[in-house]
Amino acid sequence: MQKLNIPYSIQWNETHITILNQQELPLKTEFLDLYTLEDVFDSIVTLKVRGAPAIGITAAFGAALAANALNEEHFPVFIAKVKESISYLASSRPTAVNLFWALNRMESVLIESTTVNEAKTNLVHEALKIFLEDEETCRQIGEYGLSLLKPGSQVMTICNAGGIATARYGTALAPFHLSIEKNIPLKVYACETRPVLQGSRLTAWELMQAGVDVTLITDSMAAHTIKTKEINAIIVGADRIAANGDTANKVGTFGLAVLAQHFGIPFYVAAPSSTFDLTLATGEIIPIEERKEEEITHIGNTRIAPNDVAVFNPAFDVTPNELITAIITEKGIIYPDYEENIHQHITL
Ligand SMILES: CSC[C@H]1O[C@H](OP(=O)(O)O)[C@H](O)[C@@H]1O
């Protein structure tokens with residue numbers, strides 16, 4: 001496979017944001033320049049940029065871009081207009097709490113500023129801080145995740161919680177990127193992740209680029225693969241983790257957690273502290289995004305289902321905390337009792 005030295009999947013360029021267009025991978029490596037608030041909103045809604053941390057980072061840069069574009073000298077009016085832009089970006093996708101966490105940081109910086117020019121500068125600096133913090137956060141998640149995986153382990157994952165879903169390294173995939181740096185043998189089995197195929201299009205591509213031993217399977221092969229290939233563990237990302245550890249992640253994750261319990265193997269969630277939503281006592285009330293039916297009825301432009309068939313297309317599901325062996329963050333590893341240990345861990 002041709003190895004491309006991909007820089008970051010998101011880059012700030014003062015007048016625009018450059019993103020790796022994840023909808024075109026793996027067949028085309030295309031970078032897009034986002035100049036307007038609408039460009040940024042569209043890139044998130046259409047999954048050109050996706051993955052909880054990456055969504056937050058891109059939205060933060062989008063807020064800074066929108067503020068820079070305003071020719072408004074009256075500060076109270078400027079604040080009101082930037083807040084409108086932030087609300088607009090917040091409406092792009094409902095499940096990943098990182099989007100709202102990042103935008104809340106931007107709004108805090110906005111209202112703490114005293115002039116238009118100071119606010120514009122501070123917003124760019126805050127967005128860059130969010131980006132740079134995420135890179136170090138993901139590396140730490142990789143270190144803690146790696147500590148749980150014996151050399152030679154065979155690990156299953158779903159969707160893409162990789163470097164392109166974050167500033168760098170990823171969350172669930174961070175241990176595998178670090179395993180290459182540290183020359184630790186690990187093998188990944190990646191579920192293709194219907195309907196948008198983040199596993200086949202993105203995780204297989206990203207891990208092959210990094211030199212990680214990866215095998216692609218369909219989602220329906222997970223149980224048979226765990227049994228016949230003697231999978232040692234499952235590790236997944238997250239989009240929102242409730243105060244009791246219930247975790248929203250790509251649809252199909254819940255099923256893998258049930259399989260992990262059935263086969264008696266550990267099921268790990270890897271996520272930064274910014275993915276926890278302590279305002280939610282349980283995962284029952286995590287908003288689950290439902291996406292357009294064409295994602296299921298078509299592959300590309302080819303229809304694969306009858307016209308007018310009824311479709312249910314939830315993009316996420318919620319794994320109950322009792323199925324989760326441990327949650328890996330940049331601060332360490334959280335074990336049950338999650339209600340008690342999450343609050344202590346996150347507010348460290
Ligand atoms: C590192 S978080 C990645 C997380 O986001 C993905 O969802 P989507 O591709 O729809 O943005 C999936 O749930 C991953 O686990």
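Backbone N, Cα and C define each Cβ position, glycine as well.
Substrate binds R50, G51, A52, R93, N249, K250 as TrEMBL records it, and from the list Q140, Q198, Q209 the residue named for this site is Q198. Taken in sequence order, the recorded positions R50, A52, R93, C159, D239 that lie near ligand 1, meaning a CB under 6 Å from one of its atoms, are R50, A52, C159, D239. The two recorded residues, D239 (active site, proton donor) and R93 (substrate binding site), have Cα atoms 11 Å apart. A gap of 11 Å separates the Cα atoms of R50 (substrate binding site) and C159 (site 'Transition state stabilizer'). Among the binding-site residues A52, R93, Q198, the ones whose Cα is located within 10 Å of the Cα of C159 (site 'Transition state stabilizer') are Q198. A Cβ within 8 Å of the Cβ centre of R50, G51, A52, R93, Q198, N249, K250, the residues given for substrate, is found for these other residues of the same chain: I55, A96, C159, N160, A161, A165, G237, D239, A315, F316.
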